[in-house]
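Database features (TrEMBL):
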BINDING   R88, Y224, K230, R352  substrate binding site
BINDING   K230, H250, 267-275, E316, R352, 471-472, T477  ATP binding site
BINDING   K230, H250, D288  Mn(2+) binding site
REGION    21-51  region 'Disordered'
Amino acid sequence: MRRSNVMKLLARFGINEGEGVISVPDAQPRTPPAEPRATDDPGPASSDPRVSVDLPAAALIEQALARREGVLDAAGALHLRTGAYTGRAPKSRFIVEEAGVSERIAWGAVNHPISRACFERVRDGVARHLAARDLFVTQGLAGADRTHARSFLVACERASQALFVRQILVRPTPSEQRSDAEPDFVVLVAPGFHCDPERDGTGSAAAVLIDFTDRMIVIAGTGYSGEIKKSIFSVMNYILPVEDDVLTMHCSATTDRDGRGTAIFFGLSGTGKTTLSADPERLLIGDDEHGWGSAGVFNLEGGCYAKCDNLDASHEPEIFNAVRFGCVSENVVLRSDRVPDYTDLSITRNTRACYPIEHISSANARGMGPEPTVILFLTCDAFGVLPAIARLTPEAAMYHFVTGFTAKVSGTEQGVDEPTPTFSALFGEPFMPLDPMVYANMLGCRLRSRNARVYLLNTGWIAGPAGEGRRIELASTRALVRAALEGTLDEGGYARDPIFNVDVPARCPGVPDELLDPRALWSDAARYDISARRLAAMFRDNFDRRCSHLPDEIRAAGPLG
Ligand code: ATP
Ligand code: MN
């Protein structure tokens, strides 16, 4: 859209340049703070607010620095402190309840309803807040495959968050940017607007509100940029399966050097999607959100959002080197010489860096690949009992897809610090508005007709539970992935695991045989059996509670105990 049309669209919410000023706080000169302002610090209103549309990254960085939203690190990345929220706030995410939408939504633990009246109160408050401040508007796409792309117009009070949006979404071409078509969705981002939990019905100062009827997202009270990305993902997870027959997936994706042999890596937060997809021997399609349509797999995004805890140049050189000018990093501690100290997790364990996909040298520039030939389910097992890798039959693949087991690590969600076991259907239930079976059936259909090989990969603990055993070395995990991709894992034959009912390979090039046998790694085999059976029982309980309607052959493919 042209700038004039952007302004017209914003005027619907009462957002106009140079107008709508609520108050101008005292103009006392202030000494610059030593630290950047937190993203959720509301900051002063302006007597003459300006709206900047589609500023290039360098200009957004200048604005962010001038406004003390962040500081540059030694490599030129923009460093932010997000304030009270350093992870997603799943309890603050709501979908507006409305006939025509409500029937489709899987209401429950992850999809919370909010009334239209409450939504409109927050939306109008946010719009007034934004109208009184300088605003940074970005037009971006979700969907590298333009047949399925949807356009988002994102209005931010922070230049730094506009930079995040610019880097994480698919960047429109100049001619797409000039198109006068209205955006499919409008997103208002006001971290400095704090909701009234009682009056607004949001339960906390933060709110992430999705309105499918008027096609809007409103984000208030949280400066964690992951909320912008994951609410847009939630919208795509509602629209694409219904309107385009595209399976949307919480997974990373790569192809081989020739752009063939697509592999996808499903997994909950912290299981290794970003880490394992940054592989110099393969081309990166994307690290987190993809669609699977009739033409193959495509990235919904144009950038990555990598965890930075203990990021290390020798183990993860691609990600380490992606943190440079143009990157936005959140809550990383800087040393006095401005070099990031990735081992310092004193602000949060969930330190993050967002960079455009081109920062990864082996990126697939089109963001698309053919239909997958290998599917990996990543699970980070804090009990230390699952095999490092196992092959799944199509039935077992369905079982593990609807189960979505992992242990949460690194506190991506507010308040979670120690590893705890989790079951989350589709390895991404918090972002899936529709009934999990809609997505599961779409995967089942694709598995039946396409012959992809499916593996369960434990990127978590081995040789004992968290605290006693060790996290499997990244180099070993990478060797297992390579063997799965190349088919060499199949060459040594498989043995059925008697508890987990999955096929464990006998050999893998580059990995000692012992690593493949989880029981043999424990010093006390009897204790292994107790822990493994306990986890198997948790799988069965979860399946009985959530999936009892599924056919017997899927139930029978799960852990036996
Ligand atoms: P999110 O959905 O939150 O983005 P993710 O699935 O992308 O999560 P990663 O960012 O890849 O997860 O996080 C995996 C973390 O675990 C990284 O910090 C990585 O260094 C660490 N790690 C340690 N050992 C392994 C291993 N064997 N395999 C994968 N990751 C490992
Ligand atoms: Mn990731």
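Cβ atoms here come from the backbone N, Cα and C positions, even for glycine.
Checking the binding-site residues R88, T271, K273, D288, R352 against ligand 2 with a 6 Å cutoff on the Cβ atom leaves K273, D288, in sequence order.
Largest Cα-Cα distance over the residues recorded as binding substrate, namely R88, Y224, K230, R352, equals 14 Å.
Nearest to R88 (substrate binding site) in space, judged by Cα atoms and limited to the binding-site residues G267, S269, T271, K273, is S269.
Annotation note: I472 (ATP binding site) sits in a coil segment as assigned by DSSP. Filtering R88, S269, R352 by Cβ distance to ligand 1 (under 6 A) retains the following binding-site residues: S269. Look at the Cβ of each of the binding-site residues R88, H250, K273, R352 and count the other Cβ atoms within 10 Å; the largest number goes with K273. Neighbour density for T271 (ATP binding site): within 10 A of its CB lie 27 other CB atoms from the protein chains shown.
Here the binding-site residues are Y224, G267, T275, I472, and the one with the most other Cβ atoms within 10 Å of its Cβ is Y224. Close to the recorded Mn(2+) site, the chain also has K229, F233, E289, G428, F431: residues not among K230, H250, D288 whose Cβ is within 8 Å of the site's Cβ mean position. A gap of 11 Å separates the Cα atoms of T275 (ATP binding site) and D288 (Mn(2+) binding site). Reported as a whole number, the C-alpha separation between I472 (ATP binding site) and H250 (Mn(2+) binding site) equals 23 Å. Of all the binding-site residues given, namely K230, H250, D288, those whose Cα is no farther than the 10 Å limit from the Cα of K273 (ATP binding site) are H250, D288.
Cα to Cα, D288 (Mn(2+) binding site) and R352 (substrate binding site) are separated by 14 Å. Secondary structure at R352 (substrate binding site), taken from DSSP and collapsed to helix, strand or coil, is strand.
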